[in-house]
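Annotation comment: Swiss-Prot describes H189 as active site, tele-phosphohistidine intermediate. Positions annotated as phosphoenolpyruvate binding site by Swiss-Prot: R296, R332, N454, D455, R465. Look at Swiss-Prot and you will find E431, D455 tagged as Mg(2+) binding site. Marked as active site, proton donor by Swiss-Prot: C502.
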Amino acid sequence: MISGILASPGITFGKALLLKNEILSINYKKISNQDIHQEVKKFINGKNKTICQLQEIKNKTQQKFENTQSNIFEGHIMLLEDDEFQQKIISLIQDRNISSEYATKIIIEEHAKTLEQLNDEYLKNRAIDIQDIGNRLLKNILNIDIKDLNNIKNPVILIARDLTPSETAQINLKKVLGFITDLGGQTSHTSIIARSLELPAIVGTKNITEKAKNDDFIILDSINNKISINPSLEEIHRIKQKKKKYESEKKLLIESKNLYAITKDKHKVEIGANISTIQDINNAKKYGAECIGLYRTEFLFMNRNYLPSEEEQFNTYKTIAEEMKNKSIIIRTMDVGGDKNISYMNIPKEENPFLGWRAIRIAIDRKEILHAQLKAILRASAFGKLRIMFPMIISVEEVRTLQYELEKLKQLLHHQKIPFNAKIEVGIMIETPASAIIAHHLAQEVDFFSIGSNDLTQYTLAVDRGNDLISHLYNPMSPSVLSLIQQVINASHKVGKWTGMCGELAGDEKATLLLLGMGLDEFSMSAATIPKIKKIIRESTFLDVKKLAKKVLLQPTYNEVNNTINTFININNKNK
């Protein structure tokens, strides 16, 4: 049995189609001074041909998906049109007398290596995009035909080392049953595509392409993280029954998506969605989100060569406000820097980016960026229920500085007679032990907290979850992390404020009852998880889960925490 990283839930079975990536062998090639002009011309022609192809792929993608996917190719085109990128390659050809393809290979590998070394999973996965652009550009420089993947005739499970944006844009996705890849994580392109199409996917299997062959019969169970190659007839019969049951349960969950998350003894919590783009709102609505618990604005700042203007940001926030029709939207100010290095912002390279110049630290130092974003949010607040949230807070001083800047901008808009919500709520992310420990002070300064469980876990346990040697130590349900979460919730409630959570823990089925019992007021998660979490809450009793939380918080180890929760769930299931 093969497993990997669960990227998109579902169960499917069918024949394998193995996509083997062609590896281009580009060797060092010295050229004479007389050939330099011709090699530069060869590069420019190849670059222009690549841009035309990407524009065509972008147009096709807009028909298949929404702008969120076609925007990937906009970023690819922008890189190819970037003067600095072009000049680096041309300079190598001219200064070192090397062929256009070898110069291109060097620069592409430099770009990809820079991304691969980052700690941020999303940006690390963009290295595949760079390699995809490079592969296409090199083929065009060398006049090698690029194969057409649009001719899939029968339903298949696609198996690949990794799927690039340009490959998925060309594939006949109507014939795809699911995806399995050697590489990738939750934020890789394959995962994003699979979730948007609601197709089962398991990524990061390490070696599926070595184990499966074309036309092998594959069972892909991305609920239980199991892949089976050429199973027995008995296994096929079992998976058919399992798939039928899963589809039936999924249908019932979707039908009940708009029911509120209210326990049997009438305790209500709010369930929201985390989004990164305007297009994500469609999924949020589809799965019954009552609010947007986290809008990650940093994606507005990425895949471009300049800062988004106040006007561009205003139009984006206004659209989201109008789309959500008076439902709450928490807009987190840009969380970039350190590992999310945006070239045009000139963020210095740091030894330890997770402890470096990032998020609100950049905003306080670069007030023109902060002011443009806050003004855009304030202006958009006239069109819906927007809330502002600041990330990476460690002190009361930071909060007061940010509140002061916000008040100045409110006065400016008031003098300019520009409408905005003067009472817009302001909250902070609790994602550092520092902010959790002084939550009782911070609760006096803001309207709400939202716990970023991913970073809070990482900082509390001093564990880089991207480091394979120690990733097993990363555990958001360790007693130390749970203790801090409870401390934060209690601090907010003591002064009549509320606490939400927008990290992965908020959408973890096993953690739901515990967090509910701890008093969490709002859960924000990936949209597809919402119906299941709502159902778990509706089937629970607040009085019982409060007792569970009290018991769990007394446990000294994760195993004892886990056993306590499992025992509670098993007893509850028997009593249903």
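Placed from the backbone N, Cα and C atoms, the Cβ positions cover glycine too.
Swiss-Prot feature annotations superimposed on the structure.
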{"residue": "R296", "record": "phosphoenolpyruvate binding site", "DSSP class": "strand"}
{"residue": "R332", "record": "phosphoenolpyruvate binding site", "DSSP class": "strand"}
{"residue": "E431", "record": "Mg(2+) binding site", "DSSP class": "coil"}
{"residue": "N454", "record": "phosphoenolpyruvate binding site", "DSSP class": "helix"}
{"residue": "C502", "record": "active site, proton donor", "DSSP class": "coil"}
Could you tell me which of these binding-site residues, R296, R332, has the fewest other Cβ atoms within 10 Å of its Cβ?
R296
Between R332 (phosphoenolpyruvate binding site) and the residue listed as 'active site, proton donor', find the distance joining the two CA atoms and give it rounded to the nearest Å.
11
Across all the protein chains here, work out how many other Cβ atoms are within 10 Å of the Cβ of E431 (Mg(2+) binding site).
27
Distance check against E431 (Mg(2+) binding site) for the binding-site residues R296, N454, D455, keeping those with Cα within 10 Å:
N454, D455
About how far apart, in whole Å, are the alpha carbons (Cα) of R296 (phosphoenolpyruvate binding site) and the residue listed as 'active site, proton donor'?
11
Number of other Cβ atoms within 10 Å of the Cβ of C502 (active site, proton donor) across all protein chains:
29
